[in-house]
Each structure stands twice: as C-alpha cells, then as structure tokens.
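Report on one structure; see the data block that follows.
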Amino acid sequence: MLKFFEKIFGSKHEKDVKKIQPVIDRINELHAALVPLSDDELRARCMELKARVRKTLEPIESKRSDLYLKLDDAAISLEDADRINEEIDELAKEYETATAAVLEEILPDTYAVVKDTCRRLKGHVYTVMGREATWDMVPYDVQLIGGIVLHSGKISEMATGEGKTLVSTLPTFLNALTGRGVHLVTVNDYLAQRDKEWMNPVFEFHGISVGVILNTMRPEERRRQYQCDVTYGTNNEFGFDYLRDNMAGTEDEMVQRDFYFAIVDEVDSVLIDEARTPLIISGPVPNADNSKFEEIRPWIEQLVRAQQHLTASFLSEAEKGLKNEKPDPEAGLALLRVKRGQPKNSRYTKLLAQQGVAKLIQTTENEYLRDKSSRMHEVDDELYFAVDEKASTIDLTDKGREFLSKLSHQDRDLFLLPDVGTEIAAIDADSSIAAPDKIMRKDEVYRLFAERSERLHNIAQLLKAYSLFTKDDEYVVQNGQVMIVDEFTGRILPGRRYSDGLHQAIEAKENVKIEGETQTMATVTIQNFFRLYKKLAGMTGTAETEASEFYEIYKLDVVAIPTNRPIVRRDMDDLVYKTRREKYNAIAAKVEELQKKGQPVLVGTTSVEVSETLSRMLRAKRITHNVLNAKQNEREAEIVAEAGRQGAVTIATNMAGRGTDIKLGEGVRDLGGLFILGSERHESRRIDRQLRGRAGRQGDPGESVFFVSLEDELMRLFGSDRVISVMDRLGHEEGDVIEHSMITKSIERAQKKVEEQNFAIRKRLLEYDDVLNQQREVIYTRRRDGLKKERLTSDILDLLRDYCDTTVEKHHKTHDVDALEEQVLRELSIEFKPDRETFEREGIAPMADSLYDLALAFYRRKEEAVPEEIMRQIEKYAVLSVIDKHWREHLREIDTLREGINLRAYGQKDPLLEYKQEAYNLFILLLHEIELETLSLAFKLFPVHPDEAGEIEERRRRAAIQQEKLMAQHEEAGSVYNAQPDGEPESQASKQQPVVADHSKPGRNDLCPCGSGKKYKNCHGREA
C-alpha cells in the first residue's frame, strides 16, 4: 500500500531533495561568478562572509560579557544575581537563533566558495598518512545536497563511494565561520587522522585551522587541538575529554570548549552500535585483592574438563540413538544436555546440521519447558554447570558444587548462598539469645553472605570466560594483555574492558597479569553525550533501517541522497551450507576460481579466528593473499590500496567495511569489478550492507555474495530452524548448497530479530541513564560554575541563607536552643547564643535573620583577614572537593541500586519507576550533603601555617599521581548473544565492580560489605 502511494505522490526522500534543488541552482550560479576571481579575491570573499557572521553575533556577545562582569561584583544581591542569570539564559537563546539565521543567509555563498576552492586545488599534490595523494575532488550536485542536509541537523544517507568525507567539508566550513569549533566524529583514530590530512587543503586555503584528537595526546596538546576551528576525533576521545574536564581541578586543566556542532561519520556505528555501553572513567579500588581468580582457576579448569568429558559421553550416546530409523527420545535428551553443557562443542554443531537433529532438540526442550513447574532442572542435574548461551548466564548445579567441594577440600555449603532473610528472622524470633549476641550473630550471617556471594560470582565469571568467550574471536592476547575486539569493526579496542570482573576472569584464564579492580569516577552514555551538542548531524551509507531509532532517541531525521551514477553492482542470494567445513571449502574454491580469472576479491569475515582459518586454507592452495585483522592492522592503508588490483585476494575482518575506498586497478572493470565474498552474515544488516558497499562505488561494476552455514553464530542461535526444515524437506546431502531468495529473506528476518533486541537494550539503557543524566547535568553545571567563576561568595551566601532558614525552623519546632547552638558551632564554627525566651516568642524568620547577620559578619571579617586570592581559592576548594567526593559516592550507590532493582519485578513493581524514585531520593540527599559540607568548609577553612605548606603540597602531588592512574573505559557489552534475559547487556545489568572481600577495608562512606545497604561508618565501621 505504501509503495502504491509513493508511486503517485513520490517518496519522502524525493520530496526532501526536491525542496533543496533551488538552493543547489543558486550555489552553482554563484560558483560560476567566482571562477574568474584570483585566489586572493576568493579568500577575500570568504573573509567577507566571516565578517557578516561576526557583525551579527558581536552585539549579543558584548551584552553577555557585561552581564558576567556584573555577576562578579562582590556587592551584588541574591535577587540581582538571579535576574542577571535569567537575562544570560535569554541571551543564549537569542545567540543560537541569530547564528542559525545568519548561516542560513550565507549558505549558498559559502558552499560556492568551497566548491571553487576544490576546483582550484585539482592536481595539488600533498601527503596523507605518509602516502602521496593528488587532489581530484570537486563536489557534485548530490554532494551539495548532502552538505545542506548535514547543516540542517539531519542524517545524510549516501551510498558508499559517494564521497561523504568531501561532503562533510561543506557544513564544517560554514559553521567554522562562527569560530565556535566544529567537531568531526569518526569511528577510529586512523580515520580521524586520515580525514584531517585528506581534507585539510580546503580549510588551509582560507586560513581555517584544523586539529585532530588522538588517543596518545597529552592534555596541553588536546587543548590546542580543541582551540582550532575544526577538530577531528573519535566519539570515545570527545566523550572521555568531557568527563575528564568535569573532574578538572582548575580551569586551566580543562581542554574542551562548548559543544556547538558535531558531524558524526558512520553515524549508525557511533550512535547505535556503540550506544549500548557507557563511557566510564574509573580509578583503582584501594587494597583490592587480585589473587582471588588465580586461587580458584585450577578448580574451574578441572570442572570445565570434567564437563567436557561428560558432554562427550552424552554425544556418543546421542550418536548411537540417531542411527535408529526413528530417533530415540533419549538421544534428544542427551543432545539437549550437550546444548546446556557445552553449546560451542564442534561435534555438537556438526550434528545439528544432520537432518531432523535440530528439530529433535527443540521438541525435547519444549517437552521439558511445557509444564508450569518446568522440568529443565532434570536436564541440568546431570551436568556440573548449565549454560544459557542466549542469556549469557551460567548456573552451578548440585553436582558441580559437590565436585568443587571435593577439589577444594571445603564444605559444599561454602558454594551455597545463605538465606539471609530467613536466618535474620530466626535470630530475631529466638528469645533465648541476648541482644548483644543477636547483633554478633546477624553480623556473622552478613559476613558469610558477602564472602560466599563473592566466591560464587567469581566462579560464574571464570566459567563464562572458559565457556562463552573464545580467544581470537571476542578478544585477542597481545603483549601480555587481553584486548577486546570490536564485533562491528573488527578492530582492537584499547582501554576497553568487560565489567563486573569478567575481564579479570579472562586474564586469569589466559594466564596473563590480572589488572586491578576499578571503581566508577565519572560516566556518561554515548546518547546523552551527543545530546549536549546544540546541533548534531550524521552521515552513513546505512541509516534507513534504523531511521525510527535515530528519530526516537536523537530527534534526527534521515534523508536518502541520490547517487551521482546508478549502482550497477550485482548482489546475489546467499549460498547456504550445512557445516562450516563445507562452507570454508566452497569459499576457498571460489577464491581460487576468481584469482585464475584475475578478478580481485575481498573476503569479509566476522572474527580474527575465521580470517586466519581461511588464510591457512588459501596458503595450502598456494594462493597469494593479504590478511587485514585486529592482529595485523599496521599495513591497513597499504593493503586497502592494493585490494582492487587485478588478481588481488584480501581477507579482512569488518575493519575493511567502513571508511575504506578500494579503487579498481587497470583492466578490472572488464573482469566484473571487485568481488565481495562474505564468509558469514553479521548480526546487523547494516554491517553486511557496508561490506557489500565496498564494491560498485561511483558506478563501478562489482559483485557480492554471502556464504552461510547452519553452524554460524547467527544461524545457530536465531535463524536456523526454518532453514534446516527446508533443507531437510529438500533432502540436501553434505556438500550440497542451497541458494534461494526465500532463504536470504529468512536470514534477514533473523538479523531483524537481533536488531530489535539490541534496540530494546539500548532504549532500556537510555531510560535508566536519563535519570542519572538529569542529576549529572545539575552536578556538572554546579562544578563548572565553581571552576570558572572568579568569585563564589554570592553562591556561598546563598547557601548560608538557606542553611539559616532550615536550621532555625528545625529547632524552633522542638524549642531546643542548646541543639541549635551546638549545630551552628559544629557546622559553621560560630557561637550563636539566642535568648531562650526570645527564641520561643519570636517567629522563625526573625531568628533566621539574626543567625544570618551573625554568620555574614563572621564571613566578612574572614574576607578582610585573608588575602583576596587565597579567599577565592578557599571557596573554590570548598565547592569542588565536596562535589567530587560526594558525586563519586553517589555513583557507587546508584551502581548498587541499579544492580538489584530488577528484583522489584518479582513484587509486581515496575523496576524503572522504582529506580527513578529511589535515585531521586538519593539525589536529594546528595544535594543536601554537598550544600551543607561546602558551606561548612568555606567557613572553617583558613590559610595554613607556612610550616604545613610543604605537607599540603605533597598531598596535592600524590593526588595528581592518582589522577594519572584513572582509566578511560568504554565498557563492553558485547552482542545480543551475551545479553541478560531481561534484554539488558550483561555488563550493564551488573555492578561495575564485584563485592570487595572483607579484608579490603572500605572507606567510611563506602557501602558496608555486609550487604546491609548502610554506609560503613553507620554499620560495622562503628565497631572499628
């Protein structure tokens, strides 16, 4: 029906492009007038455009500067300060409106200038990433359309090879004229550096400065790069700098400017694929014990080996049962036990491809799940541990606990969690136990619970490391470190770690150094970071499949840009084989055939392991080829440059799927162009489309096909049932291949299922983070004000006014003058001695005024006694140190709350609503503590004696060293294959750090390790 209306009225994208066409005509008209000008005259035209922008914005900037000067006046009243702040907010809105209007006016002129600059640069020879390059780009009309779409804050979907990098220069150049800084966001450091060097001539011609942020840069260098008119960098680097700036001790330590305009290259990769996990700055946990995984690793290795022997016996039993004419039900049970015990067993995955086997397992599983009481425990009881691969969970069985207790020579109860509620209730109900003894017994119950829960957690994480995570697939080991491989790009992710102790478990498994535990110091999700920008735009070749998510989460519209030349690439239906071995043999044979013909071929793989397997097979056939994967990425540019030459064979992970331009060599067009051979379907259709898009660029010929087997991860977990039944009905034998559009559609349905589940994960993550994001904005705004304001006196006195009102009101209700005196003395170091009769007779307001006048007089005397500069430093220190300390504690408390909130669902309560309420209560408490402690410090702090200055300087030096130890992590969630049952990624559903063992002494404000939920100082810390 939709297609019928589109034929009559035209599609949305056609209408979008039609609206822009008059602007394109105007740009081309203006460009024609620029051609006769000299280079200097063209530069002068650009300066005129810049002057128009400055002329529009300078009056507003001048008004704003005057208002900020008034705010710094020490004598300003609270009412005047509030009024001025409101005026500043209104001016900020006016500034954005004026900016948008003036840029819209000069857009045709600016784009014409950029187009003519590109024309003048033709033939210019320069260096890009150490290789000689010649400028040969002038924007086509379709590229001008893409540039207009980007400037308007939308997503420009352009087919691969249509020159997105050049398109980005148009809106970047235009918005750089404001001098506010434009950020070009790429997916990795290589592309950031390459694009900066590649596009620099256009900007350099007109004196527009261009910088790039790289992972290795120091803060001083980063600041210089951010001061440029245009800055290239990765989403992680921009995000981590934002977090670090909000932990800075002085304004000089901050590196970023305001967030004005960001253009995100490969926007689907950054805003969707990367959005399931937050950016986290973490610091070391003091006194953390890293030996716990090494201690239990030998037990787990033996347990895993025992499970392997057990599943091997089940497989032998199943193979016997499958020989019968009618499959034995016991064979189905044996196979189900293998699925639950060792789902990645190679013998098992081969059996799955046999006719009727997958259906037998599904029927058996349904039988055991059918009853309300679920008999799945009967299946699992024969195993040492049960694996749910889709949910990424592992449960130790009674048999496994028995095995571990014998190995460790410990009571099997040590591997069971005590029922805390029941045991505490029993202690409370026992009247024969004295009150002091009850406290001791409860403490023992809490201690046992904390100890055992930590041990069981570590066992589960080690079992996951051995059962669900494979070296050279999910991760690689390089230079004695476990490095995660990005499932979407195939690149190594330096600095990224699995959370909740899983990374340490993998380090123990691989016998490399186990890094220390960390705690969250600052965090933000990708979604909420990019919402900081006043204007956001993006470009990619594959956005339409996620258009609804882009609009729902980011309010970004997607506009499909027509190609400059028609796409002539031939996309063939998938070729489906029963086993991986058959598939790999077929791939090797196809590559050999193509090389003999001379047609270049790019073999796309989803993991390092597969790329190396295929490489070995091609070497055995003496086929010369290049390999590009996370282990061998140094020659990336060279390998990509050679991939389009006649007879070239390139095996690459998803690294070659984005941002790479494979140019065809001489004679290749006549051979059919580049041949794309996908060795497996990815969980995302977009990644597959990106791979196909390496061929057929700019009207070039090309071909693409995917080779799929029923043992592939996607097929095994989500899509194989229907395909297997079709193959069974058709009576396919080993080695046969099935090729049909129905099969291809079935595979795409499986991909859609995974994409929907991933969207649910991202949406849920965002719903939870939105709660923390509102709190983060309040805290970071306060902190930045504290950092940037010359004077904080008005803020301190504002806090004092509130303090006087609330404190007097609290004690006036009880008429307790002594308590009021004691509190004021303790918190402000002021002697306030109101007359008892006056206190009872007068109202709250007069008494609060008396306290305020007394405190204000004290503070003014302090300002006179202490040098101005030192007084300002005291105020700054009071604001910043208190915010930092309490915000870290708050993040820990939020982590703890988030970890257990899903259990509320068992009480018929919505976990999200419960989380919002609890988080709000914690935040109100946080603000109260921050305000009170800030005020108290501002009143109590005095300059130190010269003899103590050296000690304080040493303390500052130690704090700076600790800051260096902070680690930037983009926490890894993995794919939907490793998601929790409730659709949340494992690394997000769990706490960022495991329970700390009781021999690691917690801080006074840390949560007590006994599990009571109280702070340590209010629980077991009292005894200490």
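Cβ atoms are placed via backbone N, Cα and C, with glycine included.
Listed in Swiss-Prot:
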BINDING   Q143, G161, E162, G163, K164, T165, D661  ATP binding site
REGION    970-1024  region 'Disordered'
BINDING   C1008, C1010, C1019, H1020  Zn(2+) binding site
COMPBIAS  1014-1024  compositional bias 'Basic residues'
Please identify, from the binding-site residues G161, G163, the residue with the sparsest Cβ neighbourhood, meaning fewest other Cβ atoms within 10 angstroms. G163
G163 (ATP binding site) falls, by three-state DSSP, under coil
For the binding-site residues listed (E162, D661), most other Cβ atoms within 10 Å of the Cβ sits at E162
What's the number of neighbouring CB atoms sitting within 10 A of the CB on K164 (ATP binding site)? 24
Coarse DSSP state, helix versus strand versus coil, of D661 (ATP binding site): coil
For the ATP site given as Q143, G161, E162, G163, K164, T165, D661, which other residues of the same chain have their Cβ within 8 Å of the site's Cβ centre? M158, T160, L166, V167
Cβ atoms other than its own within 10 Å of the Cβ of T165 (ATP binding site), all chains, total 18
What are the non-local neighbours of Q143 (ATP binding site), defined as same-chain residues 6+ apart in sequence with CB under 8 A from its CB? E162, G163, L166, V167, L170, N564
Please report the DSSP secondary structure of Q143 (ATP binding site), reduced to three states. helix
Across the record's ATP-binding residues Q143, G161, E162, G163, K164, T165, D661, the largest CA-CA distance in angstrom? 17
